[in-house]
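Per TrEMBL, the features are as follows:
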- 40-72: repeat 'ANK' (REPEAT)
- 73-105: repeat 'ANK' (REPEAT)
- 106-138: repeat 'ANK' (REPEAT)
- 139-171: repeat 'ANK' (REPEAT)
- 172-204: repeat 'ANK' (REPEAT)
Amino acid sequence: MQHNSLSSKSFQEMHPTRNPLVLAKTSLKIRICFTCRDSQGWTPLHHAAFYGHLPLVKFLLHRGTDVNSRDFSNCTPLHRATWSGKTLVVEYLLQSGASQSIKSCSGQTPLHLAAAHGNLEVAQTLLEFKAEVNCKDLNKWTPLHWAAFNNNQDLIDLLLNKCAALNERNSNGMSPLHLAVCAENENATEHLLGKGADVNARCENGQTALHLWARGHVELIKLLLDNGADPSLESQWKETPADLAAQQKHRHVTQVLEAHTKMQSRPNLQYMLSMTLKYHHCLFLSSFKLALCYFQDSYSILYKK
């Protein structure tokens, strides 16, 4: 035939919907479409995988289509099926020899895409086929960074159960916890802290998670403080979280941070109470009363709704 190759334009004209369903098996023109590409470099297999058309995927592969063909973003059909959450197609592609090590132009593997788009079942399938759990994209984000950024606790658990690095840093020195805080994902933040994330880990600029949300998210700040965040730590610009809060005129945040600092420096109430009960000494009792008032005042500021 004279149509051994087909231009992207003619392919789009033949199939303007970009839906692989139009590539019917009965069409006499099907054989000239195996390797033709659209404006994004997608082959028919990319389309079939993205839309989850398993029979067409099988048909194309049985006809010799390259399972690891790449589009103009260096994505394979496996990337596209992962992106759209087509678990059955993902499994079949893997069984047919699809590579998980091929990275897109942004350095993402299929597992990165599964985590970024919250596709839990797809991520499970990829990991069952030995996906690299701590792979990094061009910005050094791991799949766990993406799961934390997108507030997906189930994916966080799945990745950690497969030995994902909890405190791994990206190109800006940010851990998954930092990204969860930046995205205001309170649930993911609490979940990561419960798994042992380093609450005082520093970014490249010396900021901690507390610095990142000293700009206004009071509940996140309380959560970080309750889990051991140190408000006295300074960034490379010698700024504490309280300094940042003051710059942004977040008065309530400043009050919370100051109250927490006062509570940490309060007298040892337990010691004074034990001495009072043991010796009934008026001096200890008076000191205890003063300290208790000091504590109650700080507590009311810290946990004021």
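Every residue, even glycine, has its Cβ placed from backbone N, Cα and C.
Where the annotation comes from TrEMBL, it is an automatic prediction and has not been curated.
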Sequence-remote partners of the repeat 'ANK' (139-171) [C-beta within less than 8 Å, at least six residues beyond its ends]: 106-107, 111-112, 114-116, 118, 120, 123-124, 127, 133, 177, 179-180, 182-183, 185, 187-188, 191-192, 195-198, 201
For the repeat 'ANK' (139-171), residues assigned helix / strand / coil by DSSP: 16 helix, 0 strand, 17 coil
Overall pLDDT of the repeat 'ANK' (73-105), taken as the mean: 98
Secondary structure tally of the repeat 'ANK' (40-72) (DSSP, helix then strand then coil): 16 helix, 0 strand, 17 coil
